[in-house]
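K.L.:
The structure that follows is given in the form of structure tokens.
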Amino acid sequence: MFLTRTEYDRGVNTFSPEGRLFQVEYAIEAIKLGSTAIGVKTKEGVVLAVEKRITSPLLEPSSVEKIMEIDDHIGCAMSGLIADARTLVEHARVETQNHRFSYGEPMTVESTTQALCDLALRFGEGEEESMSRPFGVSLLIAGHDENGPSLYYTDPSGTFWQCNAKAIGSGSEGADSSLQEQFNKDITLQEAETIAVSILKQVMEEKVTPNNVDIAKVAPAYHLYTPQEVEAVISRL
């Protein structure tokens, strides 16, 4: 007996006759509604810049977390459902600490990304696994390890790619084309900050301020910029 399109729509583990997983495709589309995040890799380190959508003047801007630390040498920016991102980040944090405890060394950025994507591919852990959906979030993972700086991009299918520069979220199409024009492998970390924030300024629908933009760098340690440091970057535009 053939399943209807609606039944294929609901199932996360059932391929349609065309070889598609509709729930995963819908999750990827959901990310295009999220806030824009940009990552740029340089020889010195990696810069992450993210748009923070402050939906009400009553909202405390510092409570909107769009960039999170995974380990002291890895951070990630997100676009999509923040609760889903938090689940993935918590999983990655446990993996990196277990690795450090077991082997006495930090986990590589690629291995951390792989562990995170393994969970994304299972759509959850333990009891959650049977009643789950794809994670509706995409991540830019920035890190610095024995191989130098690296930037990875993940999507809800559990796939990841290594990038020199990448944008995700609602403004990703325009931001990606701007990155292609402005990026080169010899830029400095300071130039990468300026490029990332200037492109965010182009795609955002409001004025760029320390309240609606988060910036972080991994060079080689993770550092989330203070509002004063963000203001200093904005003043260079």
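Note that Cβ sites are derived from N, Cα and C of the backbone, with glycine treated the same way.
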K.L.:
According to Swiss-Prot, one residue in Lys41, Lys66, Lys207 is annotated as ubiquitin cross-link; name it.
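P.N.:
Looking at Swiss-Prot, the ubiquitin cross-link feature maps to Lys66.
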K.L.:
Looking at Swiss-Prot, which of Lys52, Lys185 is flagged as ubiquitin cross-link?
P.N.:
Lys185
K.L.:
Can you tell me the CA-to-CA distance separating Lys43 (ubiquitin cross-link) and Lys66 (ubiquitin cross-link), as a whole number of Å?
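P.N.:
It is 24 Å, counting Cα to Cα.
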K.L.:
Which of the listed recorded sites (Lys43, Lys66, Lys185) has the least company, meaning the fewest other Cβ atoms within 10 Å of its Cβ?
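P.N.:
Minimum Cβ neighbour count within 10 Å, taken over the recorded sites Lys43, Lys66, Lys185, occurs at Lys185.
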K.L.:
What Cα-Cα separation, expressed in whole Å, is found between Lys185 (ubiquitin cross-link) and Lys66 (ubiquitin cross-link)?
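P.N.:
Lys66 (ubiquitin cross-link) has its Cα 26 Å from the Cα of Lys185 (ubiquitin cross-link).
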